[in-house]
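Student: Quick paste from Swiss-Prot:
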SIGNAL    1-22  signal peptide
CARBOHYD  117  N-linked glycosylation site
CARBOHYD  233  N-linked glycosylation site
MOTIF     243-246  motif 'CXXC'
CARBOHYD  260  N-linked glycosylation site
CARBOHYD  267  N-linked glycosylation site
CARBOHYD  288  N-linked glycosylation site
CARBOHYD  298  N-linked glycosylation site
CARBOHYD  312  N-linked glycosylation site
CARBOHYD  318  N-linked glycosylation site
CARBOHYD  327  N-linked glycosylation site
CARBOHYD  345  N-linked glycosylation site
REGION    386-406  region 'Fusion peptide'
COILED    407-457  coiled coil
REGION    446-462  region 'Immunosuppression'
MOTIF     463-471  motif 'CX6CC'
COILED    467-503  coiled coil
CARBOHYD  475  N-linked glycosylation site
TOPO_DOM  536-574  topological domain 'Cytoplasmic'
MOTIF     558-561  motif 'YXXL motif'
């Protein structure tokens, strides 16, 4: 049978047939919706809580806090890490026994103390917690050397507890001071290796960002934005037609997605950077996750990078030598720290990942809160809906099927990852400089009583400040540098028109503040003017009704009873 022999209506029916998924819709769209609504781990969409959840699926360190994904919710909940209390040294330790490690969820603040010429940590115990084996609070089978031992805390609640400042190998205190000390030790060791390999000491942007003027954007930041937009334009041109690319202020935490690159680079030309904090995503959804494991030798030369607690390692490769990540990838290890190089004496568990910048997208047709006359009318501003970069690129629907499922060439993602590895710290300083300008402008805003949300500089606008993010406008031609400047000019034009209008400048500039009160005042005036008249009308009407009821005669209807004389005999007694 040929195509000509098939009736036309059958061919039309075949092309009109839609794909169904057992009546539940496309599961990839559900994954995209979950990421868009619940955000990234460090966004803390589930809010901050006082204690870590009893059972959680994954934990991600976010510098000042730790994000947990509980089993009863898809939103990440965050717990602030303990801080060093005021008066960091209290002298002699108030304890007679000292523990090896104490989990950070068991106290809120800690101090240093001394005992026997040694330094220890001490805190007031707030709760008890049993130590666990595994990647979460759910214990796994003992004997698995790849599992992470999470420290516990036992004692009398409300009493002081003391412990060593250095934790044993492969034991985590949940982002507390012991984990911080481990990270500092690893960073110092990598810096020593870097100095031995490069005696002339070439400063990496991660270690020393370039100096630049406060009013100018750094070249690395602009190049990263351009590369991100180019990738977005090729993978999702409809979204990239007109949009805002928003970078968070402060220290950026790049996104880490699984990488299937099995080729490891040569150690001779391996770039060495300090540990980089990242946000691992999609590792829990990955079916076949390959991990690298190096056992510890139980000596002082071990470089403990920790064990991953955000991935299900289905395959574990035992490593006994140094490792160099491919040019566009990193090793993500314990406390979600990323490394490009692992020395020969490293110990822990790591996964290979590709980095993407922590950029959110605002569609061009979405209203952004640019201040204008709305400020004077005191209109409530609508919240800006940000689209995560992974959703915009379509990565959330493809990672679970492997890199072959990515819509665009994987080489483009690796190029962006390679550039991000080199420039992330320079970008951090740039956005921090811009945030400093926003903070300094806040005082001007309060003094001039104007809602100035646009970031201004001597040479023109840089970015639009939206919810602690620095947003850059882009269209078909790429990143538009003068977009904010044009918005500022339009805004200034509107303000001049308002200032020149005597209606707004009356009463020595107090009229804009009196306008919100005009409505209630007008209603009150109407009530005072017409209120008594309406009240008298109501009283008169009620009185008339009562008088009418009282004046109306009461009619009683009755019938006269009939009398019958039967002519009976009566006995009369005298």
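Each residue, glycine too, has its Cβ placed from N, Cα and C.
Would you situate these features in the structure and describe their surroundings?
Tutor: Taking the Cβ of residue 117 (N-linked glycosylation site) as reference, no residue of its chain lies under 8 Å away while being at least six apart in sequence. For the recorded site, residue 117 (N-linked glycosylation site), the DSSP three-state label reads coil.
Over all protein chains present, the Cβ of residue 233 (N-linked glycosylation site) has 18 other Cβ atoms lying within 10 Å.
For the motif 'CXXC' (243-246), the model gives a mean pLDDT of 84.
Of all Cβ atoms in the shown protein chains, 15 besides its own fall within 10 Å of the Cβ of residue 312 (N-linked glycosylation site).
The secondary structure of residue 318 (N-linked glycosylation site), as reduced to three states from DSSP, is extended strand.
In this structure, residue 327 (N-linked glycosylation site) belongs to neither helix nor strand by DSSP; it is coil.
A simple way to gauge crowding: the CB of residue 345 (N-linked glycosylation site) has 17 other CB atoms within 10 angstroms, across all the protein chains here.
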Student: Indicate the candidate from 318, 327, 475 with the smallest number of other Cβ atoms within 10 Å of its Cβ, considering only these glycosylation sites.
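Tutor: If we count Cβ atoms within 10 Å for the glycosylation sites 318, 327, 475, the smallest count is at 318.
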Student: Determine, using Cα-Cα distances only, which of these glycosylation sites is closest to residue 327 (N-linked glycosylation site): 233, 312, 345, 475.
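Tutor: So, of the listed glycosylation sites, the one sitting closest to residue 327 (N-linked glycosylation site) is 345.
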Student: Using DSSP, tally how many residues of the motif 'CX6CC' (463-471) sit in helix, strand and coil.
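Tutor: Helix, strand, coil within the motif 'CX6CC' (463-471): 0 helix, 6 strand, 3 coil.
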Student: Take the C-alpha atoms of residue 312 (N-linked glycosylation site) and residue 318 (N-linked glycosylation site) and report the distance between them in angstrom, rounded.
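Tutor: Approximately 16 Å lies between the Cα of residue 312 (N-linked glycosylation site) and that of residue 318 (N-linked glycosylation site).
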Student: I need to check the long-range neighbours of the motif 'CXXC' (243-246): which residues 6 or more away from its ends have a CB within less than 8 Å of a CB in the stretch?
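Tutor: Same-chain contacts beyond the flanks: 225, 228-229, 232, 359-364, 368, 386, 464, 466, 469-474, 479.
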Student: Could you measure between residue 345 (N-linked glycosylation site) and residue 318 (N-linked glycosylation site) for me? Cα positions, answer in whole angstrom.
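Tutor: A Cα-Cα distance of 13 Å.
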Student: Within the motif 'CXXC' (243-246), how many residues are helix, strand or coil going by DSSP?
Tutor: 0 helix, 4 strand, 0 coil
Student: Per DSSP, residue 312 (N-linked glycosylation site) is which: helix, strand or coil?
Tutor: coil
